[in-house]
Amino acid sequence: MPALGSQRRLLGSLNCTPPATLPLTLAPNRTGPQCLEVSIPNGLFLSLGLVSLVENVLVVAAIAKNRNLHSPMYYFVCCLAMSDLLVSVSNVLETAVMLLLEAGVLATQAAVVQQLDNVIDVLICSSMVSSLCFLGAIAVDRYISIFYALRYHSVVTLPRAWRIIAAIWVASILTSVLSITYYNHTVVLLCLVGFFIAMLALMAVLYVHMLARACRHARGIARLQKRQRPIHQGFGLKGAATLTILLGVFFLCWGPFFLHLSLIVLCPQHPTCGCIFKNFNLFLALIICNAIVDPLIYAFRSQELRKTLQEVLQCSW
């Protein structure tokens, strides 16, 4: 972990070395004095990780407690919370180890630190991939519930949902192991970036289509009730605002990290790209922020889940 100096080693193998197929090396010292580097203290990383940890533990506990929430939709939300939980645990673990090493409290061999770092890298990478997958699964689930409402319960069954969940976790673990093992190959970085773009496109297409369907439905209701046009416009604006927040948070939190991976392939020695490389810690912090925001968007908006959450908190006291 300390090998990168000022940069953390979360997914450090994807950050410190360019692909083997490229004869170039990252040159952060050539970025010049005009680079803007945002410093993220370890204490802030630890705080963000703990907040995310508490939030997502509460989501998992609430869904596990309430049998009314034992449905495919909430299982996908629960798995998203578990993915974000792994992001938080990885962050807290790495930050704690880094602080102990810097303070001289923890003394260990470099080989042990490297092995621990590899484990954390696999954990964080698998949690990132699974988080993106479950965000896509939630979008598909909502799409089916709107466009195939009468067939929803025959299409999205519990056994089928469990198979999808198991496949996502297995694929995420295998992907993370392969990514960390073959981090110095261009194709690995390109596959990760392509996966992010595919998930972003999938979510954008599905949610935009759902918004268009909802607006048409609102127009139909307005015509039946002989309502005026401003009511429909208000619904459309509310839906557009929700869609903007949902996709905007996803893009702002995940986009910079995958831009970083893209630039490692495209311009590892360019001074401007070097400036972006210096903010690797900021990009990781944004991903942790996404783990904080996800429960607010996908879980806490459910009245049933909020009610169960209150019961969980009351029991804990």
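Just so you know, glycine gets a Cβ as well, placed from its N, Cα and C.
Annotated features, as they stand in Swiss-Prot:
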TOPO_DOM  1-37  topological domain 'Extracellular'
CARBOHYD  ASN29  N-linked glycosylation site
TRANSMEM  38-63  transmembrane segment
TOPO_DOM  64-72  topological domain 'Cytoplasmic'
TRANSMEM  73-93  transmembrane segment
TOPO_DOM  94-118  topological domain 'Extracellular'
TRANSMEM  119-140  transmembrane segment
TOPO_DOM  141-163  topological domain 'Cytoplasmic'
TRANSMEM  164-183  transmembrane segment
TOPO_DOM  184-191  topological domain 'Extracellular'
TRANSMEM  192-211  transmembrane segment
TOPO_DOM  212-240  topological domain 'Cytoplasmic'
TRANSMEM  241-266  transmembrane segment
TOPO_DOM  267-279  topological domain 'Extracellular'
TRANSMEM  280-300  transmembrane segment
TOPO_DOM  301-317  topological domain 'Cytoplasmic'
LIPID     CYS315  S-palmitoyl cysteine
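For CYS315 (S-palmitoyl cysteine), other Cβ atoms within 10 Å of its Cβ number 9.
Across the topological domain 'Extracellular' (267-279), the DSSP tally of helix, strand and coil residues reads 7 helix, 0 strand, 6 coil. Comparing 73-93, 119-140, 164-183, 241-266, 280-300 for CB pairs under 8 angstroms to the transmembrane segment (38-63), the maximum falls on 73-93. Residues of the topological domain 'Extracellular' (184-191) grouped by DSSP class, helix first, strand second and coil last, total 6 helix, 0 strand, 2 coil.
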